[in-house]
Amino acid sequence: MAPGKKIFGIVLAGGEGKRLMPLTADRAKPAVPFGGQYRLIDFALSNLINSQLRQIVVLTQYKSHSLDRHVSQTWRLDGITNSYIASVPAQQRLGKRWFSGSADAILQSLNLLRDEKPDIVVVVGADHVYRMDFGQMIEAHIASGAPATVAAIRQPIALADQFGVIEVEPERPDRIGAFREKPRDPIGLPDSPEEVLASMGNYVFDADALIDAVVRDGDRPDSNHDMGGDIIPDFVARGEAAVYDFNNNDVPGSTDRDRYYWRDVGTIDSFFEAHQDLISALPIFNLYNNSWPIFSQVLNSPPAKIVRDGRGALGTTIDSIVSLGSVISGAHLERSVLGPWAKVDSGAKVVDSVVFERAVIEPNAFVGRAILDKDVVVAEGAQIGVDPARDKARGFTVTDSGITVVGKGVHVVP
Ligand code: ADQ
């Protein structure tokens, strides 16, 4: 990858993730558990590490304790070389203010770039599920000659207001002609009116150009200091932004089903659906591709156990993921993802659900179409996710599509 060039990685991990409440009530969005034993940030960091980046900083701010702990415990690059993944909290280096946006996070962290003096900086978000070889994007960036490159993927036009939308130059399809952040009046692609070309929130910059851009942006009183809203449009206005088509990215070991898989799991519905993508019989996203591993915490815990209960009732599990330390005893789990150390007891049923670490489903309880945060207890005989109106009345979050979310540590009673 880019011989002779020094590459530095920045992971933007300071966002609040309001649309994932209550899962983000107590933790930053990149620290939200995903797929049992992972955290959302593991996907971005695995991609960077598999792409051979070895100097990576994670810029944190909002409720960063569990994120910092995860990064420092799980993502240690040992050795005598100058390799690291460092979690860097907001430090008010430029006066008494926190990061006002993702570009301000980089501006306030310029000391890191000035210390390392990289040639190229890869800037990525921390809240998507995907595999991507940034080496291939860096090669395309260098070949294009542009100082900034934005990774892009086609998305349904109905989602345009969640993304930066790219229009390419008709004459030069590798250059961005226009970029609008979260437009309410999107225009479909000429060859596919129901789709737009969306920014994935992943960028490659020449280091000098990035530094100049965030410094210039810092002086603009009208700016929100946001990468997608301010920095990228600034490069585009100067005709200096290239686009990198994610469909040109070929990750080793990927299958036809998951080669172009990319999910923004910013809402409860998309978070829930991405879990279903993991557990379908032919998974749409394959966690078992060892050529491009998704790394996660090493759990010091016993294996998962699925057994009969004391009275001989079977413990059964179909189309599900069960994390280490979990016990399913005389209970049934179906189309669900169980986090570490979870417990499902005699006669209980968990169907179409996502259950986080250490949750307990007591005997004869029923959980359906629900997300249970860490340490939730569903008491004996209680039901959750069966009657959305009742769940709402009980104070739980229920999405329009009928998924009930139970916040950390809550006891659900019958
Ligand atoms: P959003 O995800 O809506 O859109 P944003 O909320 O800025 O943009 O989050 C981007 C990343 O930056 C996230 O990983 C977030 O945690 C982090 N972040 C946000 N505020 C931060 C701050 N103050 N300090 C540090 N980190 C912060 C972005 C782009 C769109 C693109 C979508 C793709 O702006 O153009 O289409 O990502 O999902």
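A Cβ is built for glycine as well, from the same backbone N, Cα and C atoms used for every other residue.
Keep in mind that this is a model prediction, so the values were computed, not measured.
Positions annotated as domain 'Nucleotidyl transferase' by TrEMBL: 9-278.
Sequence annotations record features per position, and here TrEMBL assigns alpha-D-glucose 1-phosphate binding site to G164, E181, K182, S199. According to DSSP, S199 (alpha-D-glucose 1-phosphate binding site) sits within a strand segment.
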Environment of G164, E181, K182, S199, the listed alpha-D-glucose 1-phosphate site - residues of the same chain whose CB lies within 8 A of the CB centroid: F163, V165, F179, R180, P183, A198, G228, G229, I232
Cβ neighbour count within 10 Å of E181 (alpha-D-glucose 1-phosphate binding site): 17
Of G164, K182, S199, binding-site residues neighbouring ligand 1, Cβ under 6 A: G164, S199
Residues G164, E181, K182, S199 [recorded alpha-D-glucose 1-phosphate binders]: greatest CA to CA distance in Å: 10
G164 (alpha-D-glucose 1-phosphate binding site) - helix vs strand vs coil (DSSP): strand
